[in-house]
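Here's the structure, in structure tokens; my notes come after.
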Amino acid sequence: MTTMGEDEAPALPKKSPLPEKIDEADVDDDPDDKVIKIVVVGDGASGKTSICQRFAKESFDKSYHQTLGLDFFSRRITLPHEMQVLVQVWDIGGQSIAGEMIDKYLTGANIVFLVYDVTNSKSFENAVDWLSVVKKNTKSSETPVKLVLMGNKTDLEERRVVSVEAHKNFATSNDMMPTYVSAKTGDTVFLTFRQAVAEVLNVGLSRAEVEADIEIVQGSVIEQPKQSDASYARRSDQSRSTSVCSIT
């Protein structure tokens, strides 16, 4: 399997298999904070690291960075009733599917994001293998692990090769939360993280809160490429197939 990025790049120095230290956001842990561990898996080049960076740092890096083993991100978010949650994100390199550390990476996960590239059919086909690995290594978890199927690169709608129907059917048949994101534009990235965390903690998000997350992204986009009618129709269908948690 390849690793994330649009172009090939020289191999980078190998990282330690587990993080030696955590992000600065964890240094001043509040004992009252809830802590949620999200593990992000999927083929290389599907955009996993870009999604994590968009969530944790609200940025998008166009340059290629190969993930070897594991990258670690974290961010505090606020849910209704002033609930503070520390979200720890484990970004797993695409080559790790056959690695001996994959079980360690998945240990203690509350949520798993299975990411694929909507413009790459192979990354979607390989989702079956990734899901099998995830289920094998989380079956003994004390609490059920929430599974999320995440189609990335929706900003490249005109190059889509994985249909909305295939995405929805795969998610439904495997009891997964279906969602689409664009790491490049930020479209629904933060919302998806927030929804998944809220569902795990049994916290409902109001319609106003969901729409506020969407508006933040839309307000940051200066220019959107003009879409054909067919592209717009696919985009509308895609939006309807994206899960929205407990809107009251």
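The backbone N, Cα and C atoms fix where each Cβ goes, and this holds for glycine too.
As annotated by Swiss-Prot, region 'Disordered' applies to 1-30 (among others).
According to DSSP, Gly94 (GTP binding site) sits within a helical segment. According to Swiss-Prot, the feature GTP binding site maps to 42-50, 91-95, 152-155, 182-184.
What Swiss-Prot records for 64-72 is motif 'Effector region'.
The region 'Disordered' feature in Swiss-Prot is assigned to 227-248 (among others).
Annotation comment: Swiss-Prot describes 239-248 as compositional bias 'Polar residues'.
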Per-region confidence, the motif 'Effector region' (64-72) (mean pLDDT, whole number): 73
Count of other CB atoms lying within 10 Å of the CB belonging to Asp91 (GTP binding site): 25
Neighbouring C-beta atoms (10 Å sphere around the C-beta of Lys48 (GTP binding site)): 30
Nonlocal neighbours by CB distance (under 8 Å) for Ser182 (GTP binding site), same chain, sequence gap 6 or more: Asn152, Lys153, Thr154, Asp155, Thr188, Val189
Intrachain C-beta neighbours of Gly42 (GTP binding site), sequence separation six or more, cut-off 8 angstroms: Lys48, Gly94, Phe113, Leu114, Val115, Tyr116, Ser123, Asn126, Ala127, Trp130, Met150
